[in-house]
Amino acid sequence: MTDMASLMEDRAAAKVISDKVQKPVDWDSPKIARNIKKRYAAERRFKIYGLSAIGVALLALFVLAFSIGSKGYTAFFQTYVQLEINFDPAEIDPNGTGDPAVIGKANFDDLIKKALLARFPDVTDRRDKRDLYGVVSGGASYDLRERVMENPNLIGQTRKIWLISGDDFDMLNKGYIDANVDEGSRRLNDKEIGWYDALVSDGAVEKKFHSRFFTSGDSREPELAGIWGAAVGSFYTLLVTLFLSFPIGVLAAVYLEEFAPKNRFTTIVEVNINNLAAVPSIVFGLLGLEVYLNVMHLPRSAPVVGGLTLALMTLPTIIIASRAAIKAVPPSIRQAALGLGASPVQTVTHHVLPLAMPGILTGTIIGMAQALGETAPLLMIGMVAFIVDIPGGALDPATVLPVQIYLWADSPERAFVEKTSAAIMVLLAFLILMNGLAVYLRKKFERKW
Amino acid sequence: MAAVSQSAMTAEPSVASPKMTARDLNLFYSDNQALFDVNLDIVERQVTALIGPSGCGKSTFLRCLNRMNDTIDGVTINGKVTLDNRDIYDKHIDVVQLRARIGMVFQKPNPFPKSIYDNVAYGPRIHGLVNSRDELDEIVMTSLERAGLLKEVKDRLQSPATGLSGGQQQRLCIARAVAVSPEVILMDEPCSALDPIATAKVEELIDELRSNYTIVIVTHSMQQAARVSQRTAFFHLGKLVEVGETDQIFTNPKDERTKGYITGRFG
């Protein structure tokens, strides 16, 4: 009875208000026209702001790419010097055994030195000789040994061989050393530049594609240093990170989103996950140092420790992204499944997760890309060490791409400048690859409903 | 007049051997009470329509019948709901099995983003109702047939269900509910998102399903309630105001509020 009465009252009140508002509007008045004009101007302004924002972003990106690319592309090429090498049997295999063990121990360095002295017979001074040997890289003897091991018939012959040059000659050939400045203020003296010119006029200097950069580990010699060791280290580290943070992150997100009761405890958990995402990464590094190295005594500098540390850092990203993706699954799908008698776990695994997967994968890959570019926490757990060998597993000492960039950027040799830029390009290429993968996976798993 | 409605509320509900009953059902969303002492019997192999203005608790009541309200945080229910004389809120009752016995069709068609076949096959699969692919095929076919959809989709069972029209999707949802052989089917405004032609088809279907299933339908359309149901219950502000034979409710309501609602004076 009272319900009816109140309903009727509401209606009466509504009628009074509508009577007041009903006033005719002159849609052609100048005031309305002004208003329309203002609105259009605002829309145009807004569009211009948006376009200029995108323009600034593109410009910044272009400047970055150009500066890195123009500095770094030369690192993909390396100067080689052609020398006439006499594969003297007396030096390589005096007894003519043909035994690889004997050949392997031969002093190939000497062969190169002799070839250099043969080319420049007037160099006699000890200091000049040492400078002359610098024309060819210290690593060239290993290449020579490999060549002979592969083809023992070379022994006894004299061949023209392309040898990898020293880093200063490489720099000179690439134009980074200016021969016109005062002798005292450049890396190479006049004699060295004279040898270089002589070799050039012989046609014995050439730039070739530097495949070693992609296949070898770090080195003190810039011309021998490669990115592969760091890339493999990054791979193992990310593998560990992925295998830890993806399942833990997704399960945490599923629990928080689908099963957890909404109470004070879950609110605290939620707030702290968001806080964790904002913690500086160096703090995670310190935590990794204390827990994994000092308490658990895991191997120092190993990808497994790096991966564990980065997993801590990536977790919040994955949890937050996964929760958002799970939340975006329409509740009607859950109700449909529950209404059919699917258990909550079946509802999640059969329906919610597959639909949320594109978002979860995108978040995971973004988290992984972040981990790939992370340096600070890895410095704390010793992945900043100078490591020449290519890691064979997650327990071997290793370094990672961004740390390699940091190490090279810190090196005094001029040739490491281009290596640094080249390493940045490799890192960026990996990042682009991963983001591309994220887009691809999102497209692939996306389903309409 | 209040006295009359009170007596109407308590006097009417009992019928002989009901399929489902609700006794003194109260429901709270946190501190808000949404249902007040609802007593209602659902008769087997009949269509019971729940009508009433928006927010009157009819959907809430419907969702009590298969415990879908369990999934909402902060809901407390007291009172008793029985299915075949067993309390469905008893702690020994398996909710998953209960929801298989009491199917549900929702307001908005909500097919899974899978193929038509997989939508219907999902229920039998998760409940392990079939032993072979052939059996499953048969269940899918008969369910689609019962939902009056087979003719339209039999050539494209593997195409995505989301490509169907709204009315077809809703009938697919009915086929999906039917596929697990429920005893009761709850329908929450199943036609509110459909055009009149699709609505007519679904109504026809409800009428046919009545011979095998007990159906409870929430509807905003009084014409629909009059067309498809045998019994009608009128809810207002969380209370069951009046329940009875549909003819009697629409031609000779006992309660003043029922009369007001069905003649369009409020709501």
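Backbone N, Cα and C atoms are what each Cβ position is placed from, and that goes for glycine too.
On a predicted model such as this, the values are computed, not experimentally measured, just so you know.
What TrEMBL lists as transmembrane segment is A:48-68, A:227-256, A:276-293, A:305-326, A:378-401, A:421-441. Positions annotated as domain 'ABC transmembrane type-1' by TrEMBL: A:231-438.
Within the same chain, residues 300, 305-306, 308-310, 312-313, 315-317, 320, 374, 376-382 sit at least 6 positions outside the transmembrane segment (A:276-293) and bring their C-beta atoms closer than 8 Å to a C-beta of that stretch. Residues of the same chain lying 6 or more positions beyond the ends of the transmembrane segment (A:378-401) and with a Cβ under 8 Å from any Cβ of it are 216-220, 227-234, 236-237, 239-240, 282, 285-286, 288-289, 292-293, 299-307, 309-310, 372, 407, 423, 426-427, 430. A Cβ distance under 8 Å defines the sequence-distant neighbours of the transmembrane segment (A:227-256), meaning residues of its chain 6+ beyond its ends; these are 213-218, 266, 269-270, 273, 303-304, 306-308, 310-311, 314-315, 317-319, 322-323, 326, 348, 352-353, 360, 364, 367-368, 371-372, 378, 383, 387-391, 393-394, 398-401, 403-404, 422-423, 426, 430. Sequence-distant contacts of the transmembrane segment (A:421-441), counting only residues of its own chain at least 6 positions beyond either end whose CB sits under 8 Å from a CB of the stretch, comprise 68-69, 71-73, 75-76, 213, 227, 230-231, 234, 358, 361-362, 365-366, 368-369, 372-373, 401-402, 404-405, 408. Among residues of the same chain six or more beyond the transmembrane segment (A:48-68), those with a C-beta under 8 A of the stretch's C-beta atoms are 421, 424-425, 428.
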